[in-house]
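First the structure, in the form of structure tokens, and then the observations on it.
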Amino acid sequence: TDRYIISSGILVFNVFGLFGNLNVIYAHYRLPVLRTRYGILLTLLCTSQSICLLTELINAIYSLSKIPVIRSSCFLIISLGIFMHCAQTGLMASISVDLFISIVFPLRHRVARTLPYLLLLCLPTLLYAFVVILIAILHMDSTRIHLCNPPYALPPIANQFWYFVALCFGGLTIVTYIISFSTIACKKKSRSVRDSKRSSSGIERKAMKSLSVLLVVFIVTRFLGTVMANVMNLAGVDKETVGMAQSYNVFSAMVCYSSSFYVCFFRSAEYRRIFWYQITKVASRLGRSHKGKEVFLSSQDSRWTSLDSHHRQLLRSTRRLAREGRGIPQGLLCITYRRRSTHSSLDYSLQYQL
């Protein structure tokens, strides 16, 4: 019964989680304006969480097929997933620390070069993941296990280290977020620090909207599960009970793995507009019965004269909104046209190409 319950949950969360994470990754790939430090960290987080979701599918396959599972074989198959599991825990802390630095030390955050800064910020995460894998290799055995998932695949000593460091990263995430939130609240009340408001109350406060919910999801799912696992280990609960509790903890973990897209969609108007454009564009392509062609036009283009007055006015209005910063990114407008029978018909859509 446990096998079927866990496997069914894994399949459902993979559908919704991968759909959301791939949307986030594609949006940051498609739009250079989103490739800020926060955007890069969020992309890395969604990438690692997607691999974690796919790794859980291996657990579902083993569970449904009832194939005997040996720890060493299971670890070999899902070692990348274990590495990414450690990475996503550390990246959540890195995002919170990045926000903390941008608010408390805005000038240093602004002048720091992006690549060295992100490498230094993610270095503890990489060390954590490599050390967990190394400890597991050194203490690996051929014990038969019930499920092929990270808690069972890791030897007991590696499992305890894995959960302890995850607890430390979770505490760091919460502490830095609380400091960041308190600093923003103090600067918002202080009317005398106008320069600080200009530097930290823009993108940081927008990021705080999404990060606030992401942190709540993280606390309710991963952090409380990590606390529970550490308490059970310290209390000396038998390994079978601890392992089964950790296996059911996969549901809370997959909520965390799948939440980034949905939090950004409902909490950020900018991300919601971008995601909705991507989804509708794919849906329109799937449902398109006639092949179309996309061309980029400007008012200097000779093909501009082929548009009727309605389409010209639409493009002018959209450019004006973009220049005024009303939520439409500046860029080129995409005119999609299709030839129907003997007449040319024009349809229009907005292309976020910055």
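Backbone N, Cα and C atoms are what each Cβ position is placed from, and that goes for glycine too.
Here's what TrEMBL has on this protein:
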DOMAIN    20-220  domain 'G-protein coupled receptors family 1 profile'
TRANSMEM  6-26  transmembrane segment
TRANSMEM  38-62  transmembrane segment
TRANSMEM  82-105  transmembrane segment
TRANSMEM  117-140  transmembrane segment
TRANSMEM  160-186  transmembrane segment
TRANSMEM  207-228  transmembrane segment
TRANSMEM  248-266  transmembrane segment
Intrachain neighbours beyond the transmembrane segment (248-266), with Cβ under 8 angstroms and 6 or more residues off its ends: 2, 6, 9-10, 13, 16-17, 19-21, 23-24, 42, 45-46, 49-50, 52-53, 56, 59, 88, 149, 151, 210, 213-214, 217-218, 220-222, 224-225, 228-229, 272, 275
Whole-number mean of pLDDT values that fall within the domain 'G-protein coupled receptors family 1 profile' (20-220): 84
